[in-house]
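Enquirer: Okay, so Swiss-Prot annotates it like this:
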DOMAIN    117-200  domain 'Ig-like C2-type 2'
DISULFID  C138-C185  disulfide bond
TOPO_DOM  241-343  topological domain 'Cytoplasmic'
REGION    251-278  region 'Disordered'
MOTIF     266-271  motif 'ITIM motif 1'
MOTIF     279-284  motif 'ITIM motif 2'
MOD_RES   Y281  phosphotyrosine
MOTIF     291-296  motif 'ITIM motif 3'
MOD_RES   Y297  phosphotyrosine
MOTIF     325-330  motif 'ITIM motif 4'
MOTIF     337-342  motif 'ITIM motif 5'
Amino acid sequence: MLPWLLLLICALPCEPAGISDVSLKTRPPGGWVMEGDKLVLICSVDRVTGNITYFWYRGALGFQLETKTQPSLTAEFEISDMKQSDADQYYCAANDGHDPIASELVSIHVRVPVSRPVLTFGDSGTQAVLGDLVELHCKALRGSPPIFYQFYHESIILGNSSAPSGGGASFNFSLTAEHSGNFSCEASNGQGAQRSEVVALNLTGLSLVPTENGISHLSLGLTGWLLGCLSPITMALIFCYWLKRKIGRQSEDPVRSPPQTVLQGSTYPKSPDSRQPEPLYENVNVVSGNEVYSLVYHTPQVLEPAAAQHVRTHGVSESFQVSSGLYSKPRINIAHMDYEDAM
C-alpha cells in the first residue's frame, strides 16, 4: 500500500500546471479575404483548466483588438467589413491564470476586386494614320495584383497582357484600315472582371460613326478629305485656264495702236509762190462695224532756198503771213488719237 501512495504523491507535481499551446486560425481559411467580406480570427488552446482569457492583436508590435474570458478551448473575434487597409499580421494569446502564451503570427491578405478600367491610346491619342504603331493602354485604378488584361477591337480579342504587381498594361499593334472602329479592354484578378468604356479610333481623313449594332464604319469624312485635297488643285487649274484664255485673246485682238502711216508722196509745189499745201488722205482699218475712218495730214512745206530768201527779204510780217497760210487748217495729232474710242 505504501508504494502506491508514494507513487501517487510523486505523480501529482508532474502534471502540467496549465495551457501549453495556443494557435490562431482564420475563416475563410488561408488568410485571404475579399474586401467588404467578414474575417473571423479563431484562437485555440490545447486544454482547459478553468476560465481562460483570450487576447487578439494586430501587427508585430501588438496593437490590442479584443479581449474575451470564457471556459472553452476556442474563442472567436470577428471583423465584419474588411478593407484593404486591414491587410496585416495578426496573432492571439491565452492566459489561464498563469503567464499568457501567444500564438504565431498569421498574415491576412485582403483581395480587392478590380475597378472599371480606363482605356487610352498612346502618344497618337484617338487620331492616327494608317501604318502607325498604335499603343493601347488599359489600367484599373484599384485591384489586387496580379491583374490580367484583354484588349478588344469591337468583339474580337486583339491580345492580352498582365500586370503582376498591379497597375496598367499595354498592347501595341500596327494600324490598318480594318482597325477602324471601337476599342475596349477588360481587367480581371480572379475576383470578377470589369470592362472599360468603348473608345473610337479616328483614322486621319476618316470619320468613325457608330451604327445601330455598335459597329463603326467609314462615313462621309473620306469625301470631305478628298474635297479638301482637290479644291486647291481645282482652283489652280481654273486660274491657269483663265490666264491662258486671256493671253490668247490679247494675241488675237485687232491692233490697238495707230497703223504705220505711209504717206502717198508729196504733191506740194516747189515754187515759192505756192502758199497752200495740198492735204494727204489715208484710210484707217475698220475698227467697228462697217465704218471707215480717214485721216487728213497737213505737212508744212519745205521751202526752197529761193523761197527762204524771199522770206528773209520781205521781213518778219510777210513770213508770218506765209506761216499763217501754211497752218491755217487744223492739224491732226496722230500721237494723241485714241483708237479705242472708235470701237
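Just so you know, glycine gets a Cβ as well, placed from its N, Cα and C.
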Enquirer: Please list residues from the chain of C185 (disulfide bond) whose Cβ is under 8 angstroms from its Cβ, counting only those at least six apart in sequence.
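Expert: Those within reach of C185 (disulfide bond), by Cβ under 8 Å and sequence separation of 6 or more, are P117, L119, L136, C138, Y149, Q150, F151, Y152, R195, S196.
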Enquirer: Applying a 10 Å Cβ distance cut-off over all chains shown, what neighbour count does C138 (disulfide bond) have?
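Expert: Within a 10 Å radius of the Cβ of C138 (disulfide bond) lie 26 other Cβ atoms.
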